[in-house]
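*Asks:* There's a structure below that I have some questions on.
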């Protein structure tokens, strides 16, 4: 009797050792995934330098500098007079502070440990650090849905997916750098609360949602997706107390915390983006009341109570809906923001708000962009959806709903490919985990069967005694009896017993086991194909990180026969502004370059990338679209001293102001009706050659970009547009060129001073004297006087 106890103790000890080894291996794998997520985003620093990328990150960097220098209280009360002159901007009340506070906290912790890092260095590496956190959050979320293997696979895929790399390379200091981690972690805590029904995780979920609200305006995706899932669970009959605990604290605590963020404030309860959460909150309580009453009353009384509850519930719902409709109807945009309306109606921005439609990242994506950003994951997603339905749980249904909504929104706006990336990685990880599980189980089964057959053959050849033969004959006789036994007519009692045994017998696992076992050769080939597929994915991701998404827009490069050419014109122009203009001088440019001008040149700008005042931007667009004299009058009224334009016709830079000019016309014409787009088009075509319209050839933007351009090659050939310009030789009357960068990419002009008014007054006095003299002479010659 002691031997079985020892063997069971050994087995339990072996199981514990195996589990401990699995935990250590899982932790080590997650550490490697974090290192991979961080290191693959460092190509921009290795190939170029540690520099902030794009346009918006420069504003975030400037705000972080102010926070680290002046403190949190000064940050909340900061009025920035260097932007949107002469209006200014209240920074603390118009910015999502999550990214800034996160980077500022990291800088404070690092410097408190006597590690001397600059604010810029912390800002550059914030996105790679949080990409590792996002990978670990993806592991936790997928593990709650489909287990550890799927979680590790999804985390490894997310660490390399190009769609996420495009917004999280070193130097990409934008809100999405920390917001994607907050998004995934909020979803994990919601699913964790669904699985456990713990109030602790529900409270953490509300806090994570608060961090998401602080970080990015895309928090409205969370507060609409989770209510959709709750409503789906209620409709499909999957209501439980765990669902109530997962949702109710999120709405109450999350909304109260969101209202504490100054940029959100009462919008958390007053805008249409949040109304769905409140409506589902009411429905959830009605359903909870129904289930509670059902447990207390008899079926007959329950029917009576149901009619009462439904009637009262419908009355309350109608009242709430009426209030919401009244609030929505009182708003000209029906309570929705412009970006939200453009998501619901993709044509809304192009019709009514051209400032939103003019942003390139707000355009719908093309099919190649899907292959570029998620690559082979597009083919694995359907398999992941099927795996989520086998079996279907609350967590897996949430994954499918997340994917469906993310696919729709990414199809409307290319920027939201970033939201699709985690869903695609999770479902692809689930699919790969399931496929690898089936193939490895098949190989294991085939190998064990092979060893069993060989051992059985060896034992049969070794045991040739009459006792063994007798035993085999007895077992054969038993099998024959068991096979012939069902042919006999059983009694009623035996029939009932057999029926119960048949119902209770675990037949399904045997069938599933047979279905999941594949041939050995096919299993090996499947694993090899998946490894090759993964290799292609890794190569594509490394190429995207190294070549496609690592170049900062502030520094451009190109390769030719002569080698690598670096175009550093932007920083050259901003350095000239910083060293050759007065501190109080105002610089006018298109809004794309406002953040960079303020951060790098430290000069006051008229408009910037915040785009909160459409009229102010339309004023600048009207000035650029007007003739030189009218434009000078507009800029002079705004106290502008310098005008900056970006021109790529010499080096072939396509994102210049000439290509953006039609958006300036549309935005300006939306406020000032005398600016009409057809006046700048020839037969519906936008041209700058000899076929261009006179309005186009005489507008300020054309003159500032093409002034002296013919001197570069004698012809004035524009490499971006692909033809010679129409008006080559002209002079500027109200502006003077003060600086042009080495490659002609940035050109800066100064407004000429107004003519001396004293001379004008003397001329008027002389002319008035002449006219009076002529009138007097005429009077003398009049015979009737």
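Using N, Cα and C of the backbone, Cβ positions are placed for all residues, glycine too.
The following feature annotations were taken from TrEMBL:
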type     : residues : note
COMPBIAS : 457-470  : compositional bias 'Low complexity'
COMPBIAS : 475-502  : compositional bias 'Basic and acidic residues'
COMPBIAS : 768-777  : compositional bias 'Low complexity'
DOMAIN   : 25-427   : domain 'Oligosaccharyl transferase STT3 N-terminal'
DOMAIN   : 584-643  : domain 'STT3/PglB/AglB core'
REGION   : 457-505  : region 'Disordered'
REGION   : 763-785  : region 'Disordered'
TRANSMEM : 20-40    : transmembrane segment
TRANSMEM : 90-110   : transmembrane segment
TRANSMEM : 122-141  : transmembrane segment
TRANSMEM : 147-165  : transmembrane segment
TRANSMEM : 177-203  : transmembrane segment
TRANSMEM : 209-232  : transmembrane segment
TRANSMEM : 244-269  : transmembrane segment
TRANSMEM : 275-293  : transmembrane segment
TRANSMEM : 305-329  : transmembrane segment
TRANSMEM : 397-414  : transmembrane segment
TRANSMEM : 420-439  : transmembrane segment
TRANSMEM : 515-539  : transmembrane segment
*Asks:* Within this structure, do the transmembrane segment (177-203) and the transmembrane segment (397-414) have 3 or more Cβ pairs under 8 angstroms, counting pairs 6 or more apart in sequence?
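*Replies:* Checked: the transmembrane segment (397-414) vs the transmembrane segment (177-203), in contact.
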*Asks:* Per DSSP, what is the helix/strand/coil residue tally across the domain 'STT3/PglB/AglB core' (584-643)?
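*Replies:* For that range the per-state counts are 33 helix, 8 strand, 19 coil.
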*Asks:* Do any residues of this chain, six or more beyond the ends of the transmembrane segment (209-232), have a C-beta under 8 angstroms from a C-beta of it, and if so which?
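*Replies:* Contacts of the transmembrane segment (209-232) (Cβ under 8 Å, skipping residues fewer than 6 from its ends): 96-99, 101-102, 175-176, 178-179, 182-183, 186-187, 190, 243, 246-247, 250, 254, 257-258, 260-261, 264, 273-274, 276-277, 279-281, 283-284, 339-340, 397-398, 401-402, 405, 409, 416, 419.
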*Asks:* With a Cβ cut-off under 8 Å, give me the same-chain residues at least six positions beyond the ends of the transmembrane segment (515-539) that come close to it.
*Replies:* 157, 160, 375-377, 432, 435-436, 438-443, 445-447
*Asks:* Averaged over the whole of the domain 'Oligosaccharyl transferase STT3 N-terminal' (25-427), what is the pLDDT?
*Replies:* 88
*Asks:* For the transmembrane segment (177-203), what are the same-chain contacts with Cβ under 8 Å, counting residues 6+ beyond its ends?
*Replies:* 98-99, 102, 126-127, 130-131, 133-134, 137-138, 140-141, 144-145, 164, 167-168, 209, 211-212, 215-216, 218, 221-222, 226, 240-243, 245-246, 249-250, 253, 394-395, 398, 402, 418-419, 421-422
*Asks:* Looking only at the recorded stretches 90-110, 122-141, 147-165, 420-439, which one has the largest tally of CB-CB distances under 8 Å to the transmembrane segment (244-269)?
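*Replies:* Per the Cβ count, the answer is 90-110.
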*Asks:* Let me spell it out: take the transmembrane segment (122-141), skip the flanking residues so only those 6+ beyond its ends count, and list any with a Cβ under 8 Å from a Cβ in it.
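*Replies:* Same-chain contacts beyond the flanks: 30, 33-35, 37-39, 41-42, 45, 50-52, 57, 60-61, 64, 99, 102-103, 106-107, 110, 151-152, 154-156, 158-159, 164-165, 167-174, 177-178, 180-181, 184-185, 187-188, 191-192, 422, 425-426, 429.
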